[in-house]
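Engineer: Following this message is one structure expressed as structure tokens.
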Amino acid sequence: MNLKLARDNGAATDAERRLASPLAVRGLTVSYGQKPAVFSVDMTVRAGHMTAIIGPNGAGKSTLLKAALGILKPLAGTVTVLGQPVAWRRDHIAYVPQRASVDWDFPTRVIDVVLMGMYGQLGLLGRVRPRHRAQAMDCLERVGMADFATRQIGQLSGGQQQRVFLARALAQGADLYLLDEPFAGVDAATEQAIITVLKGLRDAGKTVVAVHHDLSTVRDYFDDVFLINTQAVAEGPVETTFTQENLQTAYGGRLAGAQMDALAETLSGTSAR
Amino acid sequence: MSGSEFVPLSLVPMLIGVCVAVACALPGNFLLLRRQALIGDAISHVVLPGIVVAFLLTGIVASLPMLLGAAGAALVAVAAIEAIRRLGKIEPGAAMGVVFTTMFAGGVLLLEMSDTSAVHLDVEHALYGNLESLIWLDATGWSSLWDPQALAYLPVELPRMAGALGLVALFIAVFWRPLKISTFDEGFARTMGMQTGPLGLALVVVAAIAAVAAFDAVGSIIVIAMFICPPAAARLMTNRLETQVAWSVVFATVAAVAGYVLAGYGPLWLGAADSVSAAGMIATVSGVLVAGAALMGPARR
């Protein structure tokens, strides 16, 4: 009864929000050595929105993402996907790692990489059938890489490699897409292609979370921001949360003056609009 | 060469050579791509102290205790490599180097100090094996392959090695996708729920099984060569993992057969009187194949 009232008033409790969230993190602490890389972080991602994880270098952005995915074991904390442990919801999640994290000399072709995304469907010994290939080609088509299907992955440019990674994530057919710096070191055309695909996913009701480092594009690309510097700094819609004060807190004065000025311009420009 | 000469003298060593070569080359493909190629080297060296200890404990040269000793030593080595890598924060290649040289040297010392002169167990045997001595005296020709009486006296190394090859091939076939995905992109593999740690360990254990089974028949030189050379040559032939593994099987087979024939008859053709070590020649041929692929392979860079 009370719960229902609360919902009607638009003031959901924390427990309710966590259950409904495609990715909710509570008290997450991860450490590589003595010093924690991520300390006691709470994060609740809104379904059907695009969230940017923002913070200075070494702030624990990638670590947060990897711990949320279960790639890294946290010291403490819980991660839930739609209210369930992440391990039970693997087929709901697609992941695009940092491009530099894999061996691009690996003997495999573009189409084979995309087919890796269908492991959840194919299982250990399932045959790759024409419909799987057609599905993989369709994913490549969506990122504009269909013409490169039989190329060896090492022959691609950085931007093309990133698009292939995105196609592999699309092949996973997930509801939640987690991307680690998808725009790092890619050309402008690729950046446009990727953001178009991601916005398309969002408009289709999917949830997108990306570690992002280019502060000047946050307002154009994302709905929500999550600011982190080892600890969570702020979380919420871009309009109310992506503010100069929050950025100064997150970056702790490490934001260069020129960068801050340029940013102030985009901030004021957007609010005047 | 007639069947009555070929079958008893050459068929079995040749088949064992092929089984060893393929059984080592299959996991070698993944070890190479994971930058763990030296683990085969490490395993094949550490097997020696395990065998010597097994001999000292039992006092007999029997297959089962030796295999157990070798397997035990391989496990100790894998654990020691991991421990040194983590505790000492030393890179994996160096950790392997430390462990296998120390354990091999320890095995040599043990062998020299103990009284093994009466039995066929020495350093040379450990390195080159005794492939040529695995003859099938009960065979009289090709028909012996269907003769149960003759088959009963088939050298035990052949079925043992064929079994090891079957096990290795089964492991690679069943876990093909997880092995491929986790070798290419371990983080992604984990997000799909693959247990990449146990899988990597299983790969090393399977490689160890191949190495231990092969050691007795062919010694460590050929094992090291077959873990690395056929996959390395195959990588230069193609940009697809499936094709690479197929090529590695072809190269391993070619090296085993050509190496055995060259060792037996090459010196005679050159006018020398004796034949040379088959294991040494097989390893040499595999090295030549890598050189050829490096010069002419279509996928070299």
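From the backbone N, Cα and C atoms, a Cβ is placed for every residue, glycine too.
No curator has checked TrEMBL annotations; they are predicted automatically.
According to TrEMBL, the transmembrane segment annotation covers B:6-26, B:38-57, B:93-111, B:158-176, B:197-215, B:245-263, B:275-296.
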Engineer: Name the range, of those listed as B:38-57, B:158-176, B:197-215, B:245-263, B:275-296, that has the largest tally of Cβ pairs under 8 Å with the transmembrane segment (B:6-26).
Structural biologist: B:245-263
Engineer: Return the stretch with the most CB pairs under 8 A relative to the transmembrane segment (B:245-263), choosing among B:38-57, B:158-176, B:197-215, B:275-296.
Structural biologist: B:275-296
Engineer: Using Cβ atoms and a strict cutoff of less than 8 Å, what residues sit near the transmembrane segment (B:38-57) while being 6 or more residues removed from its termini?
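Structural biologist: Contacts with the transmembrane segment (B:38-57): 24, 27-28, 31, 65-66, 68-74, 76-78, 81, 92-93, 96-97, 99-101, 103-104, 106-108, 110-111, 114, 116, 119, 121, 126, 204, 207-208, 211-212, 214-216, 220, 223-224, 226-228.
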